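Engineer: Annotation source TrEMBL lists domain 'FMN hydroxy acid dehydrogenase' at 1-360. Feature annotation from TrEMBL assigns glyoxylate binding site to Y24, R165, H255. The FMN binding site annotation in TrEMBL covers P77, T78, A79, S106, Q128, Y130, T156, K231, S253, R258, G309, R310. Residues or ranges marked as active site, proton acceptor in TrEMBL: H255.
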Amino acid sequence: MALVSVLDYEQRAFETIPRNALDYYRSGAGNELSMGLNRSCFDRLRIRPRMLQGSAERDLSCTVFGERFTMPIGISPTAMQRMAHPEGEVANARAAASRGVAFTLSTISTSSIEEVADATPGSVKWFQLYIYRDRQLTESLVRRAEKAGFRAIVLTVDAPLFGLRRADLRNKFSLPAHLTMANFVGKAATSVRSQGGSGINEYIAEQLDPALSWDDVKWLVSFTKLPVIVKGILTREDALIAANLGVKGIFVSNHGARQVDSVPASIEALPEIVKAVGDRVEVFLDGGITQGTDVFKALALGARMVFFGRPAVWGLAVDGQRGVESILDILRKELDLTMALAGCRTIKDITSNYVVHESFYSKL
């Protein structure tokens, strides 16, 4: 059967990825209420198409931090991608480069900063950063990313500890023995092994600083020459603090609903953050994207670009680099068609007038 949607790839990937890895990729926190919200809240938004707008030709390109992208869609950081495919992050980054979109490499990747950089010279790559207990080690990661040509640092602020992921506890998740955390050496590279619970949670508890604070954001902004983006913001209060500290971007994200269950869907939190700081910093959205209409809705509510993680992993598992390229092509075609039928010729034409909550119609 032809694979023509992100959900088609998801279903095929579920048949392909080993259970230990699959449950890691697809699971959420707690009872997975927020994971469901990440998708269902998009379904509660209605597109209000305008007719006869002369939208026969569309331009999907956008510019962020002075970089031009072919479309306002990018790939979020996802850990340990060689569990899904032997080429892992390298294949994913090559796919992003081939389609002219941003790729974000995770700190806890199974391909190193340098491997990904060497495989994709000249393409726009961002580096996602965790703050380790060892600040010298943390700073060295940033310096390596700078040296390798990465264009931004994406600081994850919602994970001083990893959330309650029951599937990983049941499976006693461990990184397969032939893989390592490729950005590290020694224990930091090889210690994702279950000691009775989830090996990744045990690793994070040992390596990352649970006392993460806004001072760490200030510290990072003070020494890196790259724009700093904070990832994991869900409230206007935190968005304002971040903007006041000099960050250049904010990822509205609930970490794929993997940290605290019952937090809002990213798309629910987006409007208040855009209203608070959208004129001061770039605002991005991550979480729940499965089709082009989702991208359209997020852009209409103020997101500058929209990112996804799991769909790229599904494409990677099914067909490596070509699978990720197919995912990107599907989303591009769906976004383009939505723009054509809604009456938008450029990304800038997609405004809040085009999207309302379903409750709008019950009040008429």
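Keep in mind that glycine also has a Cβ here, set from the backbone N, Cα and C atoms.
Let's see these features in context: how buried, what's close, how far.
Structural biologist: There are 21 other Cβ atoms within 10 Å of the Cβ belonging to A79 (FMN binding site).
Sequence-distant neighbours of H255 (glyoxylate binding site) (same chain, six or more apart, CB under 8 Å from its CB) are T156, D158, A159, G163, G232, listed in sequence order.
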Engineer: Between Y24 (glyoxylate binding site) and G309 (FMN binding site), what C-alpha distance do you get in Å?
Structural biologist: 13
Engineer: Roughly how many Å lie between the Cα atoms of P77 (FMN binding site) and R165 (glyoxylate binding site), rounded to a whole value?
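Structural biologist: So the Cα of R165 (glyoxylate binding site) lies 18 Å away from that of P77 (FMN binding site).
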Engineer: Using Cα coordinates, what distance in whole Å links S253 (FMN binding site) and R165 (glyoxylate binding site)?
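Structural biologist: Cα-Cα distance, S253 (FMN binding site) to R165 (glyoxylate binding site): 17 Å.
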